[in-house]
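Now, the feature entries from TrEMBL:
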- 25-47: transmembrane segment (TRANSMEM)
- 40-289: domain 'G-protein coupled receptors family 1 profile' (DOMAIN)
- 59-78: transmembrane segment (TRANSMEM)
- 90-115: transmembrane segment (TRANSMEM)
- 136-157: transmembrane segment (TRANSMEM)
- 199-225: transmembrane segment (TRANSMEM)
- 237-259: transmembrane segment (TRANSMEM)
- 271-291: transmembrane segment (TRANSMEM)
Amino acid sequence: MEQDNNTISEFIMLGFTTDPVLQKFLFVVFLVVYTLTLLGNSCLIVLICNDSRLHTPMYFFIGNLSFLDLGLSSVYTPKILATCISEDKSISFAGCVAQFFFSAALDYTECYLLATMAYDRYVAISKPLFYSQAMSLKLCVFLVAASYLGGFINSVIITKDTFSLTFCSDNVIDDFFCDIPPLVKLACGKKGSFQSVLFFLLASNVIIPIVFILASYLFIIATILRIRSTQGRLKAFSTCSSHLISVTLYYGSILYIYARPRSSYSLGRDKIVSTFYTVVFPMLNPLIYSLRNKDVKAALNKLLKSISL
(Lines of atoms letter the chains of each structure in order from A; the text may use other names.)
(Lines give C-alpha, C1' and ligand atoms only; values in the text may rest on other atoms or scores of the structure.)
Protein backbone atom coordinates (compact mmCIF):
# COMPACT_ATOMS: atom_id res chain seq x y z
CA MET A 1 0.00 0.00 0.00
CA GLU A 2 1.47 3.33 -1.06
CA GLN A 3 1.30 6.36 1.16
CA ASP A 4 3.05 9.68 1.34
CA ASN A 5 4.47 11.58 4.26
CA ASN A 6 1.28 13.61 4.54
CA THR A 7 -0.72 10.47 5.43
CA ILE A 8 1.87 8.31 7.24
CA SER A 9 1.18 8.44 10.97
CA GLU A 10 3.67 5.78 12.04
CA PHE A 11 6.53 3.59 10.90
CA ILE A 12 7.01 -0.13 11.54
CA MET A 13 10.46 -1.21 12.77
CA LEU A 14 11.57 -4.62 11.52
CA GLY A 15 14.44 -4.65 13.99
CA PHE A 16 16.97 -7.48 13.81
CA THR A 17 14.83 -10.58 13.59
CA THR A 18 11.28 -11.92 13.77
CA ASP A 19 12.34 -15.05 15.69
CA PRO A 20 10.74 -14.76 19.19
CA VAL A 21 13.52 -16.74 20.89
CA LEU A 22 16.25 -14.65 19.30
CA GLN A 23 14.34 -11.47 20.15
CA LYS A 24 14.34 -12.40 23.85
CA PHE A 25 18.06 -13.18 23.67
CA LEU A 26 18.74 -9.80 22.04
CA PHE A 27 16.62 -8.12 24.71
CA VAL A 28 18.89 -9.52 27.43
CA VAL A 29 22.03 -8.55 25.50
CA PHE A 30 20.89 -4.97 24.88
CA LEU A 31 19.65 -4.62 28.45
CA VAL A 32 23.06 -5.66 29.80
CA VAL A 33 24.87 -3.32 27.38
CA TYR A 34 22.56 -0.41 28.25
CA THR A 35 22.96 -1.01 31.99
CA LEU A 36 26.76 -1.09 31.66
CA THR A 37 26.61 2.08 29.54
CA LEU A 38 24.59 3.95 32.16
CA LEU A 39 26.78 2.73 35.04
CA GLY A 40 30.11 3.27 33.28
CA ASN A 41 29.45 6.76 31.94
CA SER A 42 27.63 7.94 35.08
CA CYS A 43 30.49 6.66 37.24
CA LEU A 44 33.07 8.44 35.09
CA ILE A 45 31.14 11.73 35.30
CA VAL A 46 30.85 11.40 39.10
CA LEU A 47 34.58 10.69 39.42
CA ILE A 48 35.50 13.69 37.28
CA CYS A 49 33.22 16.00 39.26
CA ASN A 50 34.24 14.58 42.65
CA ASP A 51 38.05 14.34 42.40
CA SER A 52 40.11 17.54 42.12
CA ARG A 53 42.91 15.65 40.34
CA LEU A 54 40.55 15.19 37.41
CA HIS A 55 39.67 18.88 37.16
CA THR A 56 41.75 19.36 34.02
CA PRO A 57 40.78 20.24 30.42
CA MET A 58 41.25 16.64 29.24
CA TYR A 59 38.83 15.22 31.83
CA PHE A 60 36.42 18.10 31.26
CA PHE A 61 36.11 16.94 27.64
CA ILE A 62 35.95 13.26 28.65
CA GLY A 63 33.13 14.07 31.07
CA ASN A 64 31.19 15.78 28.29
CA LEU A 65 31.87 12.82 26.01
CA SER A 66 30.37 10.52 28.66
CA PHE A 67 27.34 12.80 28.92
CA LEU A 68 26.87 12.60 25.14
CA ASP A 69 27.19 8.81 25.23
CA LEU A 70 24.52 8.61 27.94
CA GLY A 71 22.19 10.65 25.76
CA LEU A 72 23.02 8.82 22.55
CA SER A 73 22.47 5.40 24.07
CA SER A 74 19.20 6.53 25.67
CA VAL A 75 17.89 7.79 22.33
CA TYR A 76 18.15 4.32 20.80
CA THR A 77 18.22 1.52 23.37
CA PRO A 78 14.86 1.90 25.19
CA LYS A 79 13.01 1.65 21.87
CA ILE A 80 15.15 -1.32 20.82
CA LEU A 81 14.31 -3.08 24.09
CA ALA A 82 10.61 -2.38 23.64
CA THR A 83 10.71 -3.67 20.06
CA CYS A 84 12.39 -6.91 21.17
CA ILE A 85 9.68 -7.92 23.66
CA SER A 86 6.57 -6.23 22.28
CA GLU A 87 4.39 -7.30 19.39
CA ASP A 88 3.89 -3.63 18.61
CA LYS A 89 6.86 -2.68 16.41
CA SER A 90 5.53 0.75 15.50
CA ILE A 91 6.94 4.20 16.18
CA SER A 92 4.86 7.29 15.56
CA PHE A 93 5.88 9.73 12.82
CA ALA A 94 6.58 12.38 15.47
CA GLY A 95 8.53 9.83 17.53
CA CYS A 96 10.63 8.92 14.51
CA VAL A 97 11.35 12.61 13.83
CA ALA A 98 12.34 13.16 17.48
CA GLN A 99 14.60 10.09 17.57
CA PHE A 100 16.22 11.10 14.28
CA PHE A 101 16.77 14.70 15.41
CA PHE A 102 18.34 13.93 18.79
CA SER A 103 20.47 11.07 17.46
CA ALA A 104 21.83 13.30 14.67
CA ALA A 105 22.41 16.21 17.07
CA LEU A 106 24.33 14.07 19.56
CA ASP A 107 26.28 12.27 16.82
CA TYR A 108 27.35 15.53 15.16
CA THR A 109 28.22 17.05 18.55
CA GLU A 110 30.41 14.05 19.34
CA CYS A 111 32.21 14.48 16.00
CA TYR A 112 33.11 18.05 16.92
CA LEU A 113 34.00 17.13 20.49
CA LEU A 114 36.42 14.41 19.38
CA ALA A 115 38.11 16.98 17.13
CA THR A 116 38.31 19.38 20.09
CA MET A 117 39.91 16.65 22.19
CA ALA A 118 42.56 16.15 19.48
CA TYR A 119 43.46 19.85 19.76
CA ASP A 120 43.60 19.47 23.56
CA ARG A 121 46.09 16.60 23.20
CA TYR A 122 48.17 18.67 20.77
CA VAL A 123 48.41 21.55 23.25
CA ALA A 124 49.18 19.20 26.16
CA ILE A 125 52.09 17.56 24.32
CA SER A 126 53.52 20.48 22.37
CA LYS A 127 53.16 23.12 25.11
CA PRO A 128 53.10 21.23 28.44
CA LEU A 129 54.34 24.18 30.51
CA PHE A 130 51.58 26.46 29.21
CA TYR A 131 48.84 23.81 29.00
CA SER A 132 46.70 25.14 31.85
CA GLN A 133 46.90 28.70 30.58
CA ALA A 134 46.33 27.78 26.92
CA MET A 135 43.35 25.51 27.69
CA SER A 136 41.58 27.77 30.16
CA LEU A 137 38.18 26.86 31.59
CA LYS A 138 36.62 29.67 29.56
CA LEU A 139 38.05 28.26 26.31
CA CYS A 140 37.04 24.70 27.21
CA VAL A 141 33.44 25.76 27.91
CA PHE A 142 33.38 27.72 24.65
CA LEU A 143 34.66 24.73 22.63
CA VAL A 144 32.10 22.37 24.16
CA ALA A 145 29.28 24.89 23.67
CA ALA A 146 30.35 25.41 20.04
CA SER A 147 30.32 21.62 19.53
CA TYR A 148 26.74 21.41 20.80
CA LEU A 149 25.66 24.42 18.75
CA GLY A 150 27.15 23.03 15.56
CA GLY A 151 25.68 19.60 16.21
CA PHE A 152 22.15 20.82 16.84
CA ILE A 153 22.12 23.32 13.95
CA ASN A 154 23.20 20.63 11.49
CA SER A 155 20.67 18.24 12.98
CA VAL A 156 17.88 20.73 12.29
CA ILE A 157 18.99 20.90 8.64
CA ILE A 158 19.22 17.15 8.02
CA THR A 159 16.00 16.39 9.95
CA LYS A 160 14.05 18.99 7.97
CA ASP A 161 15.37 17.73 4.63
CA THR A 162 14.91 14.03 5.47
CA PHE A 163 11.29 14.34 6.57
CA SER A 164 10.50 16.66 3.67
CA LEU A 165 11.03 13.68 1.36
CA THR A 166 7.93 11.99 -0.03
CA PHE A 167 7.52 8.52 1.47
CA CYS A 168 5.55 6.92 -1.33
CA SER A 169 6.43 3.31 -0.57
CA ASP A 170 5.26 1.45 2.53
CA ASN A 171 6.00 2.58 6.07
CA VAL A 172 8.19 -0.40 7.08
CA ILE A 173 11.72 0.58 8.20
CA ASP A 174 14.16 -2.28 7.78
CA ASP A 175 16.24 -1.24 10.77
CA PHE A 176 16.04 -0.84 14.55
CA PHE A 177 15.94 2.98 14.56
CA CYS A 178 15.06 5.92 12.32
CA ASP A 179 18.16 6.52 10.23
CA ILE A 180 18.99 8.06 6.87
CA PRO A 181 19.60 4.92 4.69
CA PRO A 182 16.31 3.10 5.49
CA LEU A 183 14.28 6.33 5.36
CA VAL A 184 15.76 7.29 1.98
CA LYS A 185 14.94 3.78 0.75
CA LEU A 186 11.28 4.44 1.59
CA ALA A 187 11.29 7.78 -0.23
CA CYS A 188 10.62 8.37 -3.88
CA GLY A 189 10.72 11.31 -6.27
CA LYS A 190 13.60 13.75 -6.55
CA LYS A 191 16.43 12.98 -4.15
CA GLY A 192 19.20 14.91 -5.86
CA SER A 193 18.95 17.99 -3.66
CA PHE A 194 18.76 15.79 -0.55
CA GLN A 195 21.93 13.96 -1.56
CA SER A 196 23.67 17.31 -1.97
CA VAL A 197 22.66 18.34 1.55
CA LEU A 198 23.72 14.96 2.91
CA PHE A 199 27.18 15.20 1.33
CA PHE A 200 27.55 18.77 2.60
CA LEU A 201 26.72 17.66 6.15
CA LEU A 202 29.01 14.64 5.83
CA ALA A 203 31.82 17.00 4.84
CA SER A 204 31.16 19.58 7.56
CA ASN A 205 30.47 17.13 10.40
CA VAL A 206 32.75 14.21 9.59
CA ILE A 207 35.37 14.97 6.93
CA ILE A 208 36.45 18.39 8.26
CA PRO A 209 36.76 17.12 11.89
CA ILE A 210 38.76 14.12 10.61
CA VAL A 211 41.12 16.43 8.69
CA PHE A 212 41.48 18.57 11.82
CA ILE A 213 42.23 15.47 13.92
CA LEU A 214 44.80 14.21 11.40
CA ALA A 215 46.49 17.62 11.32
CA SER A 216 46.60 17.71 15.12
CA TYR A 217 48.21 14.27 15.25
CA LEU A 218 50.76 15.18 12.59
CA PHE A 219 51.90 18.03 14.84
CA ILE A 220 51.78 15.69 17.85
CA ILE A 221 53.96 13.10 16.05
CA ALA A 222 56.41 15.81 15.03
CA THR A 223 56.62 16.93 18.68
CA ILE A 224 57.04 13.36 19.97
CA LEU A 225 59.87 12.68 17.50
CA ARG A 226 61.76 15.64 18.95
CA ILE A 227 61.71 14.03 22.40
CA ARG A 228 65.09 12.39 22.93
CA SER A 229 64.28 9.69 25.49
CA THR A 230 62.29 6.58 24.53
CA GLN A 231 60.45 6.71 27.86
CA GLY A 232 59.45 10.30 27.19
CA ARG A 233 58.11 9.39 23.75
CA LEU A 234 56.11 6.48 25.12
CA LYS A 235 54.67 8.63 27.90
CA ALA A 236 53.65 11.34 25.42
CA PHE A 237 52.07 8.82 23.07
CA SER A 238 50.21 7.06 25.90
CA THR A 239 48.29 10.28 26.62
CA CYS A 240 46.85 10.07 23.08
CA SER A 241 46.23 6.33 22.77
CA SER A 242 42.74 6.33 24.30
CA HIS A 243 41.61 9.20 22.07
CA LEU A 244 43.07 7.50 18.98
CA ILE A 245 41.18 4.29 19.72
CA SER A 246 37.95 6.23 20.30
CA VAL A 247 38.33 8.25 17.09
CA THR A 248 39.16 5.19 14.98
CA LEU A 249 36.16 3.18 16.19
CA TYR A 250 33.68 6.05 16.01
CA TYR A 251 34.62 7.66 12.71
CA GLY A 252 35.31 4.31 11.09
CA SER A 253 31.75 3.16 11.78
CA ILE A 254 30.19 6.45 10.61
CA LEU A 255 32.20 6.57 7.38
CA TYR A 256 31.28 2.98 6.61
CA ILE A 257 27.57 3.73 6.97
CA TYR A 258 27.27 7.16 5.36
CA ALA A 259 30.26 7.75 3.08
CA ARG A 260 29.45 5.02 0.56
CA PRO A 261 27.39 5.30 -2.63
CA ARG A 262 23.71 4.45 -2.14
CA SER A 263 24.10 1.53 -4.56
CA SER A 264 26.41 -0.24 -2.09
CA TYR A 265 24.06 0.00 0.90
CA SER A 266 23.30 -3.33 2.55
CA LEU A 267 20.77 -2.74 5.31
CA GLY A 268 21.39 -6.15 6.86
CA ARG A 269 25.14 -5.57 7.15
CA ASP A 270 24.68 -1.91 8.07
CA LYS A 271 22.52 -2.87 11.07
CA ILE A 272 25.51 -4.56 12.69
CA VAL A 273 27.78 -1.55 12.14
CA SER A 274 25.03 0.85 13.28
CA THR A 275 24.59 -1.20 16.44
CA PHE A 276 28.26 -0.78 17.20
CA TYR A 277 28.42 3.01 17.10
CA THR A 278 24.94 3.65 18.53
CA VAL A 279 24.77 1.06 21.32
CA VAL A 280 28.13 -0.66 21.90
CA PHE A 281 30.48 2.32 21.45
CA PRO A 282 28.89 4.39 24.28
CA MET A 283 29.54 1.41 26.58
CA LEU A 284 33.18 1.10 25.50
CA ASN A 285 34.19 4.76 25.95
CA PRO A 286 34.40 4.64 29.79
CA LEU A 287 36.59 1.54 29.48
CA ILE A 288 38.79 3.12 26.80
CA TYR A 289 39.43 6.22 28.90
CA SER A 290 39.80 4.55 32.29
CA LEU A 291 41.36 1.08 32.05
CA ARG A 292 44.92 2.36 31.52
CA ASN A 293 44.42 5.65 33.33
CA LYS A 294 46.10 5.84 36.74
CA ASP A 295 44.29 9.07 37.69
CA VAL A 296 40.84 7.57 37.08
CA LYS A 297 41.75 4.38 38.96
CA ALA A 298 43.04 6.43 41.91
CA ALA A 299 39.87 8.54 41.91
CA LEU A 300 37.74 5.39 41.86
CA ASN A 301 39.65 3.85 44.77
CA LYS A 302 39.29 7.09 46.73
CA LEU A 303 35.54 7.17 46.09
CA LEU A 304 35.09 3.51 47.07
CA LYS A 305 37.03 4.06 50.29
CA SER A 306 34.94 7.12 51.20
CA ILE A 307 31.73 5.13 50.57
CA SER A 308 32.90 2.19 52.71
CA LEU A 309 33.78 4.39 55.68
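Please read every residue number as a count from 1 along the shown chain.
Cβ from N, Cα, C; glycine included.
The stretches the transmembrane segment (25-47) and the transmembrane segment (199-225) are not in mutual contact, being linked by fewer than three Cβ pairs under 8 Å (pairs 6 or more apart in sequence). Counting Cβ pairs under 8 Å to the transmembrane segment (237-259), the stretch among 59-78, 136-157, 271-291 with the most such contacts is 271-291. Mean pLDDT, taken over the domain 'G-protein coupled receptors family 1 profile' (40-289), works out to 86 on the 0 to 100 scale.
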